[in-house]
Amino acid sequence: MNQKQYVLAIDSGTTSTRAVLFDHGCQIVGIAQQEGTLFYPYPGWVEQDAEEVWDLTVKVIHEVLAKCDVKPSQVAAIGISNQRETSVIWDKKTGKPIYHALVWQSKQTTDVCRSWASYNDMVHKKTGLRVDPYFSASKISWLLDHVEGARQRAENGDLLFGTIDTWLVWKLSGGKTHITDVSNASRTLLYNIHACQWDDELLKTFNIPAMLLPEVKATSEVYTMTDPDLLDGRSIPIGAVVGDQQAALFGQGCFVEGMVKNTFGTGGFMLMNTGQDIVDSKSGLLSTIAWKLGDRLYYALEGSIFVSGSTMKWLRDQLGLYESTKITEQWANDVEDTAGVYFVPAFVGLGAPYWNDTCKAEISGLTLGANKKHIVRAALESMAYQSKDVLDAMVKDSGIPIKNLKVDGGASANNFLLQFLSDLLRCEVERYKIQELTSLGAAFLAGMAVDYWHIEDFIIESDRVFVPKAPQEQMDAYYAGWQRAVRRCMQE
Ligand SMILES: Nc1ncnc2c1ncn2[C@@H]1O[C@H](COP(=O)(O)OP(=O)(O)O)[C@@H](O)[C@H]1O
Ligand SMILES: O=P(O)(O)OC[C@H](O)CO
């Protein structure tokens, strides 16, 4: 009997790990999700336990298959999307990480980056990025210098480095396969996006042994098979690994040059497909690889915002303002405005377009009349203001006006946020019925690698289009207040 086949996406995000099962009609059949632990050992440091990330991955895979009553033999391929830049180094023989994973948001490498400041121009030319603790290179250097004996072990060829995709493929393959794809490699600060290879000059400059690095592959191809011990003796092809933001660009159907998406997850990431051209930003954005299909490379222009949805998590977990983030939409609508409150969520400094790694978050404009609903509304509005900062830079760099912005990610469920965003940006904001577009992107790329899908099979349905309603003058006045708040926050 011919059994129905599915594609499984694993989305390893900063806040949570999900497994999402898709059918051939690009519909979600089931989801399993687990929130992981983030460690904050010192101010500005953010770490994860890579072993926990792996345990949660195994758990969600088993959970989703059981929930949907799907056997491993019915999974045509696995695709992985992952939080990018987060760096793990582990021992080749034991498979044990030598230290926690240093998360992309983490700032323990600020001093390393200070000492690398003079390389910024070279780095930008070769990688499309900038010297910043955000990217993997300074994290690798820090791990090699701070974990006793690590540098020597790396030089002996005993250690392996990976971003989360590489770690998961290595674990899924039973320790056989050490690879990454171009979209993830392009976030390390070590990959030359013109020549498409690890850059020897950068490796030498940053004193990083090439032996640590994974082989770089296309975004959609069968890299390896899963270890049969993992899934009832079956081996499943792993057909895609892709950075989660590039996966969302793909999952949003942004296949054509000039199309833009904004994901509101832990951070906020706006990406524009720039086709086969590298657009060099003069306004604080990054040039990055979107994906490689066959021999063809596609690029993107990116505005990376370090803290977006995680402000809502902070208000929940650290201030205990509410139990479920869902309530924030109602609270924001309960008040007419923020009563003059601004929330600049510079918890780990500010990313694009400011790139200030020392400023700290501020809530300003408080009066005795301000209450928790004003603060929650200011936090939601900050996500929209940050998107406008980046969108304005993107229009300037690309010369392309943006009339329609596609949104996804956990916080895109919030209607208040999306209406405010549309009012502020003066453009359509479109949300699709499937909010798991990162997973769809990874699944579809994996499905293409095994001929389960071809590009013409790609379908997504619009859920709601938000159009500007509030007067422009009012929005301009709000935004001017935001810009003042950001300037204050960046003053030493
Ligand atoms: N209804 C909501 N309103 C605002 N923020 C939300 C809402 N639901 C979830 N979030 C925020 O979105 C983030 C989770 O988004 P998600 O896309 O799952 O993140 P990631 O992929 O980084 O793990 C959390 O930081 C959470 O606080
Ligand atoms: O965890 P997310 O979804 O906010 O994504 C993290 C980014 O990939 C970091 O560059």
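Don't overthink the numbers, they just go from 1 along the chain as shown.
Any Cβ shown, glycine's included, is placed from N, Cα and C.
Automatic prediction, not curation, is the source of TrEMBL annotations.
According to TrEMBL, the residue from T57, T263, T266, T367 that belongs to the ADP site alongside T14, R18, G309, G410, N414 is T266. The annotation in TrEMBL ties R84, E85, D244, Q245 to glycerol, and of the candidates under consideration, Y134, Y191, Y298, Y299, the one tied to the same site is Y134.
When the CA atoms are compared, the binding-site residues lying within 10 A of T266 (ADP binding site) are T14, T15, out of the candidates T14, T15, E85, Y134, D244, Q245. Within the same chain, residues at least six positions away from Q245 (glycerol binding site) with a Cβ under 8 Å of its Cβ are R84, T263, F269, L271, E302, T438. Neighbour counts of Cβ atoms within 10 Å were compared across the binding-site residues E85, D244; the minimum falls on E85. For N414 (ADP binding site), the nearest of the binding-site residues by C-alpha distance turns out to be S16; the candidates were S16, Y134, D244. Among the binding-site residues G309, G410, the residue whose Cβ has the fewest other Cβ atoms within 10 Å is G410.
Contact annotation for binding-site residues (R84, Q245, N414) versus ligand 2: R84, Q245, each with CB under 6 Å from a ligand atom. The Cβ of R18 (ADP binding site) lies under 8 Å from the Cβ of A9, I10, D11, I31, A32, Q33, Q34, V60, E436, S439, each of these being in the same chain and 6 or more residues away along the sequence.
Highlighted here are the binding-site residues (T14, R18, R84, T266, G309, G410) whose C-beta falls below 6 Å from ligand 1: T14, T266, G309, G410, in sequence order.
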